[in-house]
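Worksheet for the structure shown next.
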């Protein structure tokens, strides 16, 4: 397939010519990007579903201290066995350290995140937020290309402490690692 692009007086042609803009990774001091995550709240008091509901950033983080962690995918081994359980177990300690909310982000749909929340027993401890189209992951420069494993574009594994909508700490994992984005590390940073 040949594609020809025309920009003013410049013409480009060739097999699948394409350019992409490299996004710089978010860093300490940066504001959260404008993005909408989705949250599935399964049941409200009368037993009716009230989700999925939009969670608009950075508005949802305004005036709060939030422990945010992101995982490559719901129901994946490390995420389910270690990452989420650590934050669920430490939820009270985070509150005692002045953290208002804990958010888990993943490039999944809100219904998958809702099912995973039930499985991980996160209710009242960790908000499970879906970044369905990876818009937040892309905007932060924290994407992970898992096309080779059949998973598509995902979020990198990381944790961050967000204060009033700005990144206060950021812990990004290397490929296939789970060493610095755990609950204990972020809790230590929240207490500092």
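Note that Cβ sites are derived from N, Cα and C of the backbone, with glycine treated the same way.
Quantities reported herein were computed from a predicted structural model and do not represent experimental measurements.
Pulled from TrEMBL:
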type	residues	note
DOMAIN	26-192	domain 'Thioredoxin'
ACT_SITE	79	active site, cysteine sulfenic acid (-SOH) intermediate
(message) Counting only residues 6+ away in sequence within the same chain, which have a CB under 8 Å from the CB of residue 79 (active site, cysteine sulfenic acid (-SOH) intermediate)?
(response) 71, 72, 73, 106, 157
(request) Name the secondary structure element type, per DSSP in three states, that contains residue 79 (active site, cysteine sulfenic acid (-SOH) intermediate). (result) helix
